[in-house]
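The structure appears right after this line, and notes come after that.
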Amino acid sequence: MSEQVYLDLARTILEEGHYKGDRTNTGTYSLFGYQMRFNLQEGFPLLTTKKMPFGLIKSELLWFLKGDSNIRYLLQHNNHIWDEWAFERFVKSTDYTGPDMTDFSHRAQDDADFKVVYQEQMRLFNDRILADEGFAKQYGELGDIYGKQWRAWQTRSGETIDQIKNVIEMIKTNPDSRRLIVSAWNPEDVPSMALPPCHTMFQFYVNDGKLSCQLYQRSGDVFLGVPFNIASYALLTHLIAHETGLEVGEFIHTLGDAHIYSNHVTQVKTQLARSMHAAPKLWLNPDKKSIFDFDVADIKVENYESEPAIKAPVAV
């Protein structure tokens, strides 16, 4: 079963991982260079050993595919995946005049009183993003992250490259090409991004009427982030296969620094002690032909049964 390869990764890191410091000052157990393979013919790889919020996964992917990099669209779909990074930019600006939010991510974990204050400031921030278009334009923006690089890569001549549209056209017209690649890692833009791309580059491969995808991910938060990435890129593969008239093949997930944060170890052990359920099936609206026409209601998982969700703090 596909989920087992993910559980094997988590178990291997706990048993063999190296303890390392990190940018967030949380600490991680880490391995370098790990690959997982998921046969998409066997079902959709949405984890069942903990409940996964598929609504957030599909709305984030559609946000990327729109070429958007502002959290307003996500908030309109009740998706808070990127809130902390936009909020961090705001509280570091001269326009923020509220309570001290220094190191809010760690303080909210350790100080219950501060957590209440932080959550109220975050609520006010999100409400203002939704209500005030000008404020959203300034402080909801995350920089030239995934969507911008996928759909509007800036060239030296001032033009833009739509990598997603180009790769779809190449799959249709030259499926044997070894250049079916999309990159989100633009060294010139990295300093201006709220979070430089963790999933940096992906490549498609067509064989025997099936579309496969390999992702290279430079950094993988194995408990919180990687399960999202697996489902997101599996969904992307299905969507592009749908438009190009192909079946799905494999999703291959290659990780650089694969890590478990030190404050996620208990949660990972809880998950590893659980039993798996059968993989769900993915439904795509057959009336939609282009991936750019899909909305959240056009994508569903069917027969999804899982163990309960497991909460864990996000390292910002």
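Note: Cβ is positioned from N, Cα and C throughout, glycine not excepted.
If you look up Swiss-Prot, you'll see Cys198 marked as active site, nucleophile, on the strength of sequence analysis. Positions annotated as dUMP binding site by Swiss-Prot: Arg23, Arg178, Arg179, Arg218, Ser219, Gly220, Asp221, Asn229, His259, Ile260, Tyr261. Swiss-Prot lists Asp221, Ala315 with the feature (6R)-5,10-methylene-5,6,7,8-tetrahydrofolate binding site, giving sequence analysis as the kind of evidence.
Sequence features annotated in Swiss-Prot and their locations in the structure.
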| residue | record | DSSP (3 states) |
| --- | --- | --- |
| Arg23 | dUMP binding site | coil |
| Arg179 | dUMP binding site | coil |
| Cys198 | active site, nucleophile | coil |
| Ser219 | dUMP binding site | strand |
| His259 | dUMP binding site | strand |
| Ala315 | (6R)-5,10-methylene-5,6,7,8-tetrahydrofolate binding site | coil |
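Of the listed recorded positions, namely Cys198, Ala315, the sparsest Cβ surroundings within 10 Å are found at Cys198. The distance from the Cα of Ser219 (dUMP binding site) to the Cα of Ala315 ((6R)-5,10-methylene-5,6,7,8-tetrahydrofolate binding site) comes to 13 Å.
Working note on the binding-site residues Arg23, Ser219, His259: by count of other C-beta atoms within 10 Å of each C-beta, His259 ranks first.
For Ala315 ((6R)-5,10-methylene-5,6,7,8-tetrahydrofolate binding site), the spatially nearest entry among the recorded positions Arg179, Cys198, Asp221 is Asp221, judged by CA separation. Counting every protein chain shown, 23 other Cβ atoms lie within 10 Å of the Cβ of Asp221 (dUMP binding site). Distance noted between the C-alpha atoms of Asp221 (dUMP binding site) and the residue listed as 'active site, nucleophile' is 9 Å. Of the recorded residues, the residue listed as 'active site, nucleophile' and Arg23 (dUMP binding site) place their C-alpha atoms 13 Å from one another. Sequence-distant neighbours of Tyr261 (dUMP binding site) (same chain, 6+ residues apart, CB-CB distance under 8 A): Asp22, Thr24, Thr26, Gly27, Thr28, Asp221, Phe223, Ala312, Ala315.
Its Cβ placed at the centre, Arg179 (dUMP binding site) has 10 other Cβ atoms within 10 Å.
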